[in-house]
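A.B. asks: Quick one: the structure is below, and I'll ask about it shortly.
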């Protein structure tokens, strides 16, 4: 499955204009970043997301693209992105974004930039449903209010609310199904308010629901701004530091050496249950430390045969996914390899680049050092290798 997201930020914000004159809601600053950026960061932290298409107002495309470029430089998304101009209607903006997807894309998420509270967990549940074969997936919440059908101020009927749900974004689709639905609506001149409606009108695909999130509101009315400010107070981010340490012995019957996910040709064998990547093990422990989740041995015990020669990068990615779902924002990683052999210098740049790729941090946010213990201790006697890691992060806490 090759998934991209369309982030719709092309609206005119007519219903909220009086509360924020001169600024469209998708560009309102919240937690020191425009509203649309929070959704972009969330989407980029979902491991199965391959890229994002930003859809901006045509008259702001150049300015908004420069904004994304600057934001990405400071807090890297870590995945490819493009920016395109939208249209007069929501479906026109979606069509514009669909036209920019790469050839290998086969599934797409469509998300409103005005929903900054959608979580990575919700996004993953949508992707899980798509991976299981669904062609259209929408997050939905049961309707708790009684709904009336009204015409000219007069109540015509009261639908059975047990059959009603309120749908949200992101909405997920098979790309071919969504393209076909868009063509159908264009040919029939049909106007819709969401993409799932297009599949319903085409009548060839089933749209299923997953449980939505009550917190995933859409900023639409002036009073919603109050909720934004309230959320900012309730969901504060506090700095935290995680520390990791790992050691492995050398042995002629050990596994081929890997450091930071990079094979070290000619390095001594490493005795380990998994692949023995001491650097990734230390980093994994440090990330777990930021979340208060113990250590790598608790999550991936060496008594479990499933982790025999397990790829440490896969284990680290699983922990990073937990961190993203928990709202942990990793800002800096500092790593030290301590060993007499092999010399790390020939491999340093490759290791550094790979750590940046895995953590989705820019080069200035990952520091890698190597040192010896001046021939003292077990590393100095060339009996083993150790690594330490310090991770700095922002953790979301509720006041």
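Cβ atoms are placed via backbone N, Cα and C, with glycine included.
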A.B. asks: Check Swiss-Prot: it lists 246, 248 as binding divalent metal cation. Then name which of 273, 281 it lists for that same site.
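C.D. replies: Looking at 273, 281, the one Swiss-Prot places in the divalent metal cation site next to 246, 248 is 281.
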A.B. asks: Around the recorded divalent metal cation site, report the further residues of that chain (criterion: Cβ within 8 Å of the mean position of the Cβ atoms of 246, 248, 281; site residues excluded), sequence-ordered.
C.D. replies: 247, 272, 276, 277, 278, 279, 280, 282, 385, 386, 387
A.B. asks: Provide, as an integer number of angstrom, the distance between the C-alpha atoms of residue 372 (site 'Transition state stabilizer') and residue 296 (4-CDP-2-C-methyl-D-erythritol 2-phosphate binding site).
C.D. replies: 25
A.B. asks: If you count other Cβ atoms within 10 Å of each one's Cβ, which of the binding-site residues 248, 273, 281 has the most?
C.D. replies: 281
A.B. asks: Taking only the recorded positions 25, 161, 218, 246, 281, which one has a CA atom nearest to the CA atom of residue 304 (4-CDP-2-C-methyl-D-erythritol 2-phosphate binding site)?
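C.D. replies: Considering only the listed recorded positions, the nearest one is 281.
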